[in-house]
């Protein structure tokens, strides 16, 4: 008695695929009825009429045969579906462990061939090892193992009669990925190819290596889809190329689509990437696979060919994006910008019926870089505490250091001590705080707190100003003289931002559409042009530093929150914000569209040309720097019962805001759409593609926010306080938006 093992789920899937074949063929036959059975004579003569009648008679015979075959196929699918349901019901009724029975079935096959009858192949475990094959009757192939440095990844194992091929292993450093395993002889998809290894440092020669090539996708058997090609590896350094993407696997010889091509590898920041993999071809009936994505600056992969009898060509892959190389005038390695890749060409339909594949979209242009100011923290030394020395100036584009604080001073001999002034900050550094003073002065003498140092003005591009130092405190110990608070230092001004954003790159060309089949089909549409890259943003102005706060005066006779000078202001003024003077970068122009493919020689229209790409957006203008906040006025603390002379100081004025700069113009849309493909004997030419739309305008740089005035100092005198707050700064002007493309 023969033994048969059946997997109901796979039987149901196979029945659905066979039903799909019937639908595809029936759709093609229906589409060809009117154009082929009712042909109009080319002329009024008898020969033309006879030729038209002959072709129409052949078409009617074909339709009759096709209807009978479709009926038989429907009966077969119905029987297969019923059988799958019956097996599923029997399996559910006998839901008990069958592993021992399966082991007994596989034992003779393993002894004779080393391969099970039913079951998945084992995954490889040693570096670069191949996956084991699946069972003869049913089973998926095992996955290949990744390779070590310089070693290719292992190949995926093949499936049996029914099953999916195993995935190829990833290649080691600079090595190729493994090939995907073949799908089942009757039914099953090919395995995915392994990714190529990334380039790494060569241990023998001390140099970097190229990226490895992606593995080819596995081929399907009779029915199934080809495997996807592996992606190419990334290169290391700039001496070698990136890896190419693997080719997609071939679809089933009877029915099935080709696999998608692998993406090209990345060439880093300076070099073009790897070539994209081509889409896999279909067998008798099926569509070609989609081409892979091109590496940076490289054309997208070509779409695979459609089926030999019926099927559409695959869509071309998208072109790789462009890269912006930082300029290095006169340097040893001055690399040019990398233009984006063209979209891949759509696959042809070489059979009797089928449309050409659409062309891929062109790559996106490089994006402009934002302007960058060099105002990192420097290594200059701050002034020592108590020295009152200014901070050291930072190097070009670097922040200086903070000034030293003033020395503290105390006397008990009736003299008028004064605290040391804080040192000024250098190149954006903060000013030092004023020193405190205390003593027992005579009635005509003053205890004076030290003044805070001035914050350094920023000299680096777009740097922030330093904050002013706080004023020192003053204390009259015996209450016979005057205690005067120290003055807060002025905040430093922010530096102007003078850097403009770089322009975006132009988009790539769209790919051409594929040609249609011999008898019936339309040409593929041309790919759209690539989008232009966006412009970079301009550099913003630096913020002004905050003014220092006035010190605190404490005394029982005269306590004033400001030093002995002509004005009552003791809060430091805020620094002004820097202006943004650079503009946003212009957006790149859109790429032109690809041409449409030709229609079938007999019946079919040409493919429409691809539309031109959209222009890139303009970069934003720089924002004006914010004004610094004014320092608070000095506070006064005394005994209101013994003295009427207790007054707080006025606050400092806020700094003015900087002005913003203009945004960049948007890029122009692509000027030319693709040309439509030629039609067949019965069919018109494809439409011309349209021009692209311009890019959006870059936003205007906003004006800097003015600094708020410092608050008035407080006092506890018996009188109404007359100290006032500082005035706020004035806002800068905003920039103008760029023009749209």
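Yeah, the Cβs are placed from backbone N, Cα and C, and that goes for glycine too.
TrEMBL entries are annotated by machine, without manual review.
Lifted from TrEMBL, the feature list:
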- 341-366: compositional bias 'Gly residues' (COMPBIAS)
- 367-384: compositional bias 'Low complexity' (COMPBIAS)
- 385-406: compositional bias 'Gly residues' (COMPBIAS)
- 416-437: compositional bias 'Gly residues' (COMPBIAS)
- 449-472: compositional bias 'Gly residues' (COMPBIAS)
- 571-594: compositional bias 'Gly residues' (COMPBIAS)
- 625-636: compositional bias 'Gly residues' (COMPBIAS)
- 648-698: compositional bias 'Gly residues' (COMPBIAS)
- 4-94: domain 'PE' (DOMAIN)
- 341-492: region 'Disordered' (REGION)
- 547-594: region 'Disordered' (REGION)
- 625-741: region 'Disordered' (REGION)
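Listed by sequence, the residues of this chain that lie at least six past the ends of the compositional bias 'Gly residues' (571-594) yet keep a Cβ under 8 A from its Cβ atoms are 340, 342-343, 359, 362, 365-366, 368, 371, 452, 454-455, 457-458, 462, 465-466, 468, 487-513, 526-550, 609-634, 649-674, 689, 692-693, 695-696, 698-699, 701, 704-705, 707, 710-711, 713, 726, 729, 732, 735, 738, 741.
Here the compositional bias 'Gly residues' (625-636) has, by DSSP, the following mix of helix, strand and coil residues: 0 helix, 2 strand, 10 coil. Taking Cβ pairs closer than 8 Å, the compositional bias 'Gly residues' (341-366) reaches residues 28, 32, 276, 279, 281, 287-289, 291-292, 294-324, 504-533, 588-589, 591, 594-595, 597-598, 604, 607, 610, 613, 616, 667, 674, 677 in its own chain, all 6 or more past its ends.
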